[in-house]
Structure formats: C-alpha cells, structure tokens
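Engineer: Got a structure here, written out as structure tokens. Questions coming.
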Amino acid sequence: MASASPVATMSGRGARNLLQFLRLVGQLKRVPRTGWVYRNVQKPESVSDHMYRMAVMALVTKDEHLNKDRCVRLALVHDMAECIVGDIAPADNVPREEKHRREEEAMKQLTQLLPEDLQKELYELWEEYETQSSAEAKFVKQLDQCEMILQASEYEDLENKPGRLQDFYDSTAGKFSHPEIVQLVSELEAERNANIAGAASEPCS
C-alpha cells in the first residue's frame, strides 16, 4: 500500500504571515455594510455576513453550466479588500476608478502575505469578479445584488416597516438575468409586496 503524501509545512515566517492574513480577513466580521448604516438599520450585518450567505447561495445553485466551486470562491473573495479599505458605498460618491484602485492596492497588500500560488489564485479571483470576465463572475455579481435585497426585506420585517428600504430594490431594477435568480427575486418581491399591501390596509391606531 502506498503511503500518503506528507502534509506540506510552512516556515515560521510563513505561519506568521498567514496569521496576519487571517487577522486582516477577520476584520470583515467587524466592518458593517455601509448602506445599512446610512439608512439607520439597527445592528447592521457585516461584510463577512454578506459574503457568507452569497457563498451559500452559490453552493446551492442548480445551474450545471456553471463551475459551482469557482462561484463559491468568487463569493468569498469578491469583497475581501474591504477588510483594509472598508465598505465603499455609492452614497460615498467615490469614483468607480478610485474605488477600484484602492481595492486593487488592498488585494495586493493582503495576498502578499500568502504563498505565491495562493497570491495568484486569490488576486485572480478578485480580478475576475471586478472585470466580470466569466459566466461565474456575472452570476456571482447577480447573487451580490440578490442577497442585498433579501437582506433589505429581512430588515423591513424585523423593523415591521414594510417598504422602508425601497431604494435598495430600485437600485437593482433590470440587473437580474440569470433564470434561477430571476425566479428567486420574483418570489421575494411577491412576498414583500403582499406585506406592503397588508400594512397599507391595516387601520391606523
């Protein structure tokens, strides 16, 4: 019987760098999603919360034409730079080119802490998402928007204020094309519209 391949080990410096990388990525658990902060949502989700559910959404896709593993990886990496630059929202009025420049620098800084093969893998995943250069990147971009309006709906439910976060829905109008996501969004909007209509029909106290 052939013996198992030995597990690769790292140098002390490599371990220290990996620990620093993990601590930086851990900051994502403490970076709130800026859009919710600006709308005075109580206890807003973190960037990490958002990316986790996106990764789960990618994991459960039924589209066999997509590389599911790559979709999950893209979801986990796409906002990783925000552990350094923060969540730059449209309301911040930072030009797209400047936002990209900051995030590109952050990704280079972050991935330099990893072995060369992982540096390349993570940076290229981020770049693929940024440039929307694959079917998987386009799908994950739509997951990003879908997860956002799902979260908006949940905040409206938690606050018992149906329709309060309509601007998040407006910002995604016409942006969904993948059949699976279109169906999911349609169901979400039907439920939300029913909640709004129900609230409107309730007598004022």
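Backbone N, Cα and C define each Cβ position, glycine as well.
Quick paste of what Swiss-Prot says about this protein:
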{"type": "BINDING", "residues": "H50, H78, D79, D144", "note": "divalent metal cation 1 binding site"}
{"type": "BINDING", "residues": "E82, D87, I88", "note": "divalent metal cation 2 binding site"}
{"type": "DOMAIN", "residues": "47-149", "note": "domain 'HD'"}
{"type": "MOD_RES", "residues": "A2", "note": "N-acetylalanine"}
{"type": "MOD_RES", "residues": "S3", "note": "phosphoserine"}
{"type": "MOD_RES", "residues": "S5", "note": "phosphoserine"}
{"type": "MOD_RES", "residues": "S205", "note": "phosphoserine"}
Engineer: Can you give me the average pLDDT across the domain 'HD' (47-149), rounded to a whole number?
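Structural biologist: Over the domain 'HD' (47-149), the predicted model scores a mean pLDDT of 97.
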Engineer: In three-state terms from DSSP, label I88 (divalent metal cation 2 binding site) for me.
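Structural biologist: Looking at the DSSP assignment, I88 (divalent metal cation 2 binding site) belongs to neither helix nor strand, so coil.
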Engineer: In angstrom units, rounded to an integer, how far apart are the Cα atoms of H50 (divalent metal cation 1 binding site) and I88 (divalent metal cation 2 binding site)?
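Structural biologist: Checking the Cα atoms of H50 (divalent metal cation 1 binding site) and I88 (divalent metal cation 2 binding site) gives a distance of 14 Å.
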Engineer: Measuring Cα to Cα, how far is D79 (divalent metal cation 1 binding site) from D87 (divalent metal cation 2 binding site) in Å?
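Structural biologist: Roughly 8 Å, rounded to the nearest whole number.
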Engineer: Excluding H50, H78, D79, D144 themselves, which residues in that chain have a Cβ inside 8 Å of the centre of the Cβ atoms defining the divalent metal cation 1 site?
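Structural biologist: Apart from H50, H78, D79, D144, the close residues are V47, M51, M54, A75, E147.
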Engineer: Return the count of C-beta atoms lying within 10 angstroms of the C-beta of H50 (divalent metal cation 1 binding site), excluding that atom itself.
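Structural biologist: If we count other Cβ atoms within 10 Å of H50 (divalent metal cation 1 binding site), we arrive at 23.
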Engineer: Summarise the domain 'HD' (47-149) by DSSP state, stating how many residues are helix, strand and coil.
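Structural biologist: Reading the DSSP string over the domain 'HD' (47-149) gives 77 helix, 0 strand, 26 coil.
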Engineer: Using an 8 Å cut-off from the Cβ centroid of E82, D87, I88, can you name the remaining same-chain residues around the divalent metal cation 2 site, in sequence order?
Structural biologist: V31, T34, V47, D79, A81, V85, G86, A89
